[in-house]
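As recorded in Swiss-Prot:
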BINDING   D33, F34, V35, Y36, D37, S82, L83, E110, R133, E167, K281, K305  NAD(+) binding site
ACT_SITE  K112  active site, N6-AMP-lysine intermediate
BINDING   C396, C399, C412, C417  Zn(2+) binding site
DOMAIN    583-660  domain 'BRCT'
Amino acid sequence: MSSKVQQEIADLKKLIRKWDKEYYVDSLPSVEDFVYDKHILRLQELESKYPEYKTLDSPTLKFGSDLLNDFKEVEHSAPILSLDKVYDLDLLKSWIDKIDFNNSFNISVEPKIDGCSIVLYYKDGVLEKALTRGNGKFGNDVTINVRTIRYIPLFLDEKVDLVLRGEVYITKENFLKINKFLEKPYTNSRNLASGILRRVDSREVANFPLNIFIYDFLNAGLEFKTNDLATARLKKLGFKVNPLIRFFDLKNSIGEVLNYIADIIKKRDSFEYEIDGVVLKVSDFALRERLGYTAHHPKWAMAYKFEALSDFSRVNSIVVQVGRSGKITPVANIDKVFVSGAFITSATLHNQDYIRSIGLNVGDVVKVSRRGDVIPAVEMVINKFSTGFFKVPDNCPACKTAVVKEGAHFFCPNNNCPSVAVERIKYFCSKNCMDIEGFSDKIISFLFEKKFIFSEIDLYTFDFYKLLEFKGFKDRKINNLINSIEASKKKPFSKLLLSMGIKDLGENTIMLLFLNNLNSFSKLFKLCQDRYFAFSTLLKIKGIGEKIALNIIEAFNDSVMLNKFKFFENLEFKMEEVVAIDGENKLLAGKKFCITGTFNGYSRSIVIDKLKNKGAIFNTCVTGSLDFLIVGEKAGSKLKKALSLNIKIMSFEDIKSYLD
């Protein structure tokens, strides 16, 4: 155990030092703060548990450093500390709750600018020097460059000694303009601002529109009791202070503080500058001193950090993928970025029309987001470094069959296409469908490539012990795969029906079928033998349109699909599912719901599952066809949209009885 712990500590220290250099020296970080913080916390945890392995060179005892050899190192007059940070609002509230305000609640809230930290030293009202934060003890002297920033006063009206902290930044608009002309574009405005500030020739720096907000002062050159008075004085002296800083006192509640944070989050995309969080500070300076400091941060301040909603990256290549329906989807392989809590190395480009509309090709710098915090997507071209736009090939990359266009998408029409076949098997085994544990995409692809399986039914006939001759497959693993296959035979009919991959047939439509007495294979098969009668019958079900009705009828007249159903029936799969709706649950049955907010004692997934079991149908977004929106605490934008569409609102109290 000890050697493993020592090795993990050594690996963490090596990795953190690498990231420190990338962030502070190179201005080219490869990971987001969220990831860095997790590794620091893990190292702190290990060093606390095994103090005998904590060394004097540990990153937990030091600060990151932006010191460069190109600039003179100068000692700060006092340690320049970092901020403690949280990524969870509950933890932020907990931090506020722990502060003893002595019946004098006082806190300031301001956006956390995503820029380059700077410390300004004024002597007798004259800017004497400007240092980077450096390692907290020493910083690089960038005075000559800082003097070119027009928003920093070189002389003050009063002969005072001040030490101020500020954040140098560049606006989103100027970032895009400047990045176009750089041989090696920066991935974000923070790195660009940092890079400009560290240019050796100050004449070059003067050509760039750097900006600054002053957010703190570190000495007693001006005597004030509270942060709001100090901020007002700084503004009067000519310093630029963020106008969004807001001060809360006894007249306010913690709820109002959290509401203001929510308002900043909501409006962040409209700001002219990038922010990566908000900063909360105790306003009363006497209380600040009582709360004190750690070696790393003041105890009277806390940063609530956001996970990035989007970021910029370069497109290295574009590939086309073939899905289970044969749909051809172009995908961009990009430089790794961290967005909404996850690393992204690829992003969907939707279809040929979309690529043409944004004019994208390999080599371009693009804006990447995670739509709905799930699917990575390229939103727009930021810098065009290529000519023309990417064109989807005329032939399927897997089977070379000529592709056909249906609407905005290209499709491979070959039902025997190997990519289509393997994607169908992956879908069949997926968590939302048959949920066959152990059958990862990698294992399914391996079985397919070795020609052990060609379709879903082969999973139930293959002798898995043949895998013993391959690396990575031992008795235990093979037995687990076999047990998972056997367990799948007990899944409800709704899961089997979903797993068959009938076009546009999802969980909600299946529930509608079941609620209308079409809850078995035999009933669906019998209905669909008379196509015209089936079509009119299905259209009478609210929520089923012409397209899905035709797809259902086609599927239950397709010989390949029917043979699969017969195969599973012979294996004694469940071919019928009873949906029992009693009088109490009639309100829910077949109705379309959406959910927003939090629910005391219940996760959203539990609420959804319990109501689904009683016949409710859930949508992920608010549309005009919705019957009810279930609203918990801290409801989001869905509530506003639902009200504008006159959709009925249900509270937690309205649904509580259905959750028992």
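The backbone N, Cα and C atoms fix where each Cβ goes, and this holds for glycine too.
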Open item on the list: Going by DSSP assignments with H, G and I as helix and E and B as strand, what are the residue counts for the domain 'BRCT' (583-660)?
Closed with: 28 helix, 19 strand, 31 coil
TODO: Give the distance between the Cα atoms of C396 (Zn(2+) binding site) and V35 (NAD(+) binding site), rounded to the nearest whole Å.
DONE: 39
Open item on the list: To see if you understand the setup: which same-chain residues, six or more apart in sequence, place their Cβ under 8 Å from that of C417 (Zn(2+) binding site)?
Closed with: V322, G326, C396, A398, C399, T401
Open item on the list: Below 8 Å Cβ to Cβ and six or more residues apart, same chain only. Which residues does that give for K281 (NAD(+) binding site)?
Closed with: I107, S108, N227, R288, W300, A301
TODO: For L83 (NAD(+) binding site) and the residue listed as 'active site, N6-AMP-lysine intermediate', determine the Cα separation and express it in whole Å.
DONE: 11
Open item on the list: Can you give me the same-chain residues 6 or more apart in sequence from K112 (active site, N6-AMP-lysine intermediate) with a CB-CB distance under 8 Å?
Closed with: I275, D276, G277, V278, V279, A303, K305
Task: Integer Cα-Cα distance in angstrom, D37 (NAD(+) binding site) to C412 (Zn(2+) binding site) - done: 45
Open item on the list: Please list, in sequence order, the residues in the chain of V35 (NAD(+) binding site) that are at least six apart in sequence and whose C-beta is under 8 Å away from its C-beta.
Closed with: F338
Open item on the list: Return only the integer: C-alpha distance in Å from C412 (Zn(2+) binding site) to R133 (NAD(+) binding site).
Closed with: 57
